[in-house]
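Asker: One structure, as structure tokens, below. Some questions next.
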Amino acid sequence: MIDIKSKREIELMEEVCRIAALTQKAIEEAIKPGITTLELDEIAEKTMRKHGAIPAEKGYPSGIKGVPDFPASICSSVNDVVIHGIPSRKEVLKDGDIISVDLVAYKNGFHGDCCRTYMVGNVDKETKRLVEVTKQAFFEGIKYAKKGNRLGDICHSIGEFVHQNGFSVVREFQGHGIGRQMHEDPGIPNYGKAGKGVRLEPGMTLAIEPMVIAGKPDILELDDGWGIITEDGTNAAHYENTILITEKEPKILTLL
Ligand code: MG
């Protein structure tokens, strides 16, 4: 069931999404060669708590027997790590790396979810194009995030844009509705058929998140039970915002 948010609930979503965006800003300012992913994690937690929010990813259950709850405040996914990378004091960013930082703030009963892929120092031309296409895929998708359109219009647009640019979308993970729960209905794949799926209605809040691989779409899981890497070792990028469907244009809640 898709939860349609009331005016008051939307105000609370806006507040927590702004905190998520401010947290990304703090991360962006800190990214440089030599910093560790654990240091970025600490910055994220501190920023969220300063604004009265808590990092919702910390302690998130894996749902898999033998795999511990997620231990950190951000997912930090470097180069060929697609999603769900665990921050570490041993992981030092170096010139030419890319890192996707996916974070979820929680406050007053609501979640705000966003991801950016940052370029560390000087990144090669093709990797830069990967990062830019991934971000642009989000904006291509939300052109269709309007009342009366169908969910598949967004999914199709993202997938087509990525393929036209010669990259692959991840098929096993997807965007989602968001609100009181981090993951709500509907699931939002980064591919699909235009004209299919649920009709978009004002008050829906959706996390739209293209996950893009430079090479083939296949993925593998790391031994920690969380990290997802590309099978062919090529780089991956990820860009996400929480948006609100309105009577007119969609509102991006996690951009400042
Ligand atoms: Mg996210």
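Even glycines carry a Cβ here, placed using N, Cα and C.
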Asker: Going by the divalent metal cation 1 site in TrEMBL, where Asp102, Asp113 are listed, which of the candidates Glu221, Glu231, Glu240 is also part of it?
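Answerer: Answer per TrEMBL: Glu240.
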Asker: From the candidates Glu140, Glu201, Glu209, give the one listed by TrEMBL for the same divalent metal cation 2 site as Asp113, His176, Glu240.
Answerer: Glu209
Asker: By a 10 A CB contact count over all chains shown, which of the binding-site residues listed here is most packed: His84, His176, His183?
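Answerer: Per the Cβ count, the most surrounded site is His84.
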